[in-house]
Amino acid sequence: MTQLSSNDVPSMGRRQFMNLLTFGTATGVALGALYPVANYFMPLRAGGGGGGTSAKDELGNPVTKTGWLANHQAGDRSLVQGLKGDPTYLIVNSEGDIGEFGLNAICTHLGCVVPWDSGANKFICPCHGSQYDTNGKVVRGPAPLSLALAHVDVDDDAVLVKQWSETDFRTNENPWWA
């Protein structure tokens, strides 16, 4: 095999080295800046094999079915962190079990968090007075749409929140949030 002499091998000059160093640094910074953007559009899924997001309490701890039901009675609607960290109501049904659906607590009018008013037995938005029934269906505006639904599943005592993409059972229409 023939060996190349040192005169045949091109050397990297100072200018080429500085260009390579600048390009490498700029590429590293750009990729570092793209990571949070990519994470926003494709978030890592927390939770069990079913693919849901683990519901979290106000301290960020995962919610368990036994722990939740020990502190909440039938008819309670209480907030957890659900999909994308949005406030989501977990509903304890009349049988004293966690309901099969949860409600995103963000008002469809201007994005305020809608509290549950147990005295009035409905959700009432503090910003402009929109009202939603016990299932999150809008009953009084100015909110144009019902609260978004989410599936709630229990996997090994862990409460999971999943995207709702089926027909909205309250309106018999396709979900506006999917």
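Any Cβ shown, glycine's included, is placed from N, Cα and C.
Here Swiss-Prot flags Cys107, His109, Cys125, His128 as [2Fe-2S] cluster binding site, drawing on sequence analysis. The disulfide bond annotation in Swiss-Prot covers Cys112-Cys127. According to Swiss-Prot, the domain 'Rieske' annotation covers 65-161, on the basis of sequence analysis. Annotation comment: Swiss-Prot describes 20-42 as transmembrane segment.
Features per Swiss-Prot, on structure.
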{"residue": "Cys107", "record": "[2Fe-2S] cluster binding site", "Cβ neighbours (10 Å)": "23"}
{"residue": "His109", "record": "[2Fe-2S] cluster binding site", "Cβ neighbours (10 Å)": "18"}
{"residue": "Cys112", "record": "disulfide bond", "Cβ neighbours (10 Å)": "15"}
{"residue": "Cys125", "record": "[2Fe-2S] cluster binding site", "Cβ neighbours (10 Å)": "25"}
{"residue": "Cys127", "record": "disulfide bond", "Cβ neighbours (10 Å)": "14"}
{"residue": "His128", "record": "[2Fe-2S] cluster binding site", "Cβ neighbours (10 Å)": "12"}
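Other than the site residues Cys107, His109, Cys125, His128, same-chain residues with C-beta atoms no more than 8 angstroms from the centre of those residues' C-beta atoms, the [2Fe-2S] cluster site, are Thr108, Leu110, Cys112, Val114, Cys127, Gly129, Ser130, Pro142, Ala143. Cα separation, Cys112 (disulfide bond) to His128 ([2Fe-2S] cluster binding site), rounded: 9 Å. Per-residue pLDDT, averaged along the domain 'Rieske' (65-161), amounts to 87 for this model. Across the range of the domain 'Rieske' (65-161), the DSSP-based residue counts are 10 helix, 39 strand, 48 coil. Spacing of Cys107 ([2Fe-2S] cluster binding site) relative to Cys127 (disulfide bond) is 9 Å (Cα to Cα, whole number). You'll find the Cα of Cys127 (disulfide bond) roughly 9 Å from the Cα of His109 ([2Fe-2S] cluster binding site).
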